[in-house]
């Protein structure tokens, strides 16, 4: 919002290189030798691991991937660095600079996360040796490795997008508030909508508070299923509260305005809490899968620590996936104050921005699709296994009881 008129930059000049030519040549030789040594060492490690069947274990699987990452990480910077030491003009194009920044931080982040995964692998191997092969099976190893790459991708993507769009911003007027223009003009209709929405909102609050109170008051309901259900009710309260109070206030006021800070805050929490709900629904389907398909191991697998970690994962995953689009939207210049909507949303905000927002819309679509499809696929897969297991239960009473445990989640 504060960015003033800027000239377009097509390339950058790197000025930290030594002026003395002999020193540049010496640095080139040292860096080239170090780079070749790094490449050779890591290639040898990868080759030895994949050539020896005795080394086909999780520890060496992660080690070979760490070596591969080390090759990519050094290659993201060193070749251009060596080229600059030999050239008189130490320049890099704008696109090349952005790509180098992204891969430098992205690959470095993957390495850090992978090191944490490797420490977890060693923890399981030493503290749970008898269950090591069961816990760290090939599927788990691949999922952990995929998690490293996806986590790094999401964490580094946001700063790069902010930098890219900051470069495009031209001189624009500062917007301090927005006007919501989607409300009906007829006053009586506004009052009617206010009454209906207020009744629905109070009903939602009351229903969810009753559910939470009943679950926490009854010791028989202190199970993972009801733990997640109470958190879902709590989320439902927060989700509706992120929009409804301001919506009700606008129906009673003549000026349907919201401050810029309030608008961005509402946008963030609307998407953040909605994303937490979607991920939590996938977690609840996994809980039902374990309860029905692995009933004897249910209390061991879904212990209190695992439940808390899964819940924490919902919040952290949603926080990371929604943070990037919201930061980008908050940094955009806006030409108009009128938003054609009842509350602040990313889509109508992008419509009143002064720059081309197709790239932001694409990123927002990809992130939203990733969260929705991942949650949906996990839920469908879980219930496929659940239905398959239930249909194999011989007694009708047993099948009915199994289906009834899924009712709270399905509804």
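Yeah, the Cβs are placed from backbone N, Cα and C, and that goes for glycine too.
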Would you please say which range out of 60-80, 228-248 has the annotation transmembrane segment in TrEMBL?
228-248
2-20, 249-267, 268-286 - the range that TrEMBL marks as transmembrane segment
268-286
Annotated range (TrEMBL: transmembrane segment) out of 306-328, 329-351:
306-328
The transmembrane segment (99-120): which same-chain residues, six or more beyond its ends, come within Cβ distance under 8 Å?
59, 62-63, 65-66, 69-70, 72-73, 76-77, 80, 92, 144-145, 147-149, 151-153, 155-156, 159-160, 163
Near the transmembrane segment (306-328), which same-chain residues lie under 8 Å Cβ to Cβ, leaving out any that are not at least 6 residues past its ends?
151, 154-155, 157-158, 161-162, 165, 224, 227-228, 231, 264, 267-268, 271-273, 275-276, 279-280, 283, 286, 346, 360, 363-364, 367, 370-371
Between 25-51, 191-216, 268-286, who has the most Cβ pairs under 8 Å to the transmembrane segment (228-248)?
191-216
